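All remarks here apply to the structure that follows.
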Amino acid sequence: DLGIVRKIIFKRAMEKDLNQNSPRIRKLRDNGYPPNTPTSRMNNNNQRDNHPNSPRDYNHTPSSPTARLRWRNRSNEIPAEVKRGNASNVRNLLLGDKNKYRSMWIRTCSSLWMLGGVFFIIYMGHLYIWAMVVGIQIFMAKELFFLLRRAHEERRLPGFRLLNWHFFFTAMLFVYGRILQQQLVNTVSSDRFIYKLVSGLIKYQMVICYFLYIAGFMWFILTLKKKMYKYQFGQYAWTHMILIVVFTQSSFTVANIFEGIFWFLLPAALIAMNDVAAYFFGFYFGKTPLIKLSPKKTWEGFIGASVATTISAFLFANVLGQFQWLTCPRKDLSTGWLHCDPGPLFRPEYYPLPTWIASFSPWKEISILPVQWHAFSLGLFASVIAPFGGFFASGFKRAFKIKDFGDSIPGHGGFTDRMDCQMVMAIFAYIYIQSFIVHQDYSVEMILDHISRSLGHEEQKMLYAKLGDILRHKLQGGF
């Protein structure tokens, strides 16, 4: 047997090496070792001998294969002084480390590849960006579903994994149905039959989604098995946490897309800028640790990235605001190019330069788009608050003792690793846009349609009389 032969060869080699007349022992004796010096790196207390040339004690046999593996690889462990957090030793340890430069190169190449793909999808238009967001959500859900998966339990629960996806697509139907119902109606309004069909589906969408969820709930109850209750209820709770933390938050991105690609591209670009700036500032200047959850994050990287992101937001908004097809909102689900009059946020305002600057400059005034001031607010949030989404993800990974959520993107990990801050930013961007950017405008047709469907004959007469009084007072200067 090959294993027995290897053991015999290894035993003979040890006996030869422990012979007092062996070349290794003679060399140690010539270097000043006493004849009775123990030939062991480990003393009776199982500690290392301090002498650098002390031979190994081959008579010491670890008690298990795992212990033997640790014993052989002990020289690869991080020194104790580094573990105690000595920053100077860490810098000396990493000095000239080629692996970090290789990692930076891989990360840079994959970032450029992703950047090119995103630019192409943005060029294609709103629907393609929506499809990209949906694809990212599916990949994120897959990574997180797999995180708590146990193969042994899964084999005893055939089809249980489909239940997670049932809840996922039910949530997708509910959320996107609520966000895009007006665009869907505008798309099919030319055909009367389809318009009535879509209007009916929109009217009863909440009921449909509710019964789909109830069907999944009953499915879950019927699949419960003895001695598997804890695992199944854990998966049930884990699925709903994914829907709340991941899917619901990132779905706000779709609402921003149809308000104008500008409002999708700017927040997403700010997170990417902040991430890249923090990486390079921390790579070249980082010395002071920022937070224990992310040992590689430094104060130098955080502050440098904050300044760079805020300035970039102000300038980048001016560049994006020049393109009409980025600023126009999409009112339907078509794929054609958009043309619209620029709103007040995208009309330049001119400010004269101070006299002491104008005397040395060929320009006497500068133009600033009003949207740049809003971009300044988004930049502050992206650089100061949004990184805490990454810290949350770091703490989550430490809780489950994993390095990354996945390995889909070389040098970056999984899609969830890249989207942690984006999710926090998407919610803030949506709330900010709805609060300070978008004004709720209702057409006369929409109001009349709602009145005719919701109010009775007497209520319509009362509304008519009340509107007459309001208009009469307004013409007389009462308002």
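Indices start at 1 and increase along the chain as displayed.
Placement of Cβ uses the backbone N, Cα and C atoms for every residue, glycine included.
Please treat TrEMBL annotations as automatic predictions, because they have not gone through curation.
Cross-referencing 160-181, 336-357 with TrEMBL places the feature transmembrane segment at 160-181. When TrEMBL is compared with the stretches 373-393, 436-456, the one noted as transmembrane segment is 373-393.
Given the ranges 76-95, 236-255, the record in TrEMBL names 236-255 as transmembrane segment. With a cut-off of 8 Å on Cβ pairs spaced 6 or more residues apart, the transmembrane segment (236-255) and the transmembrane segment (129-148) reach 3 or more such pairs and are scored as touching. Same-chain residues lying 6 or more positions outside the transmembrane segment (201-224) and placing a CB less than 8 Å from one of its CB atoms are 157, 159-160, 163, 166-167, 170, 173-174, 177-178, 181, 184-185, 232, 236.
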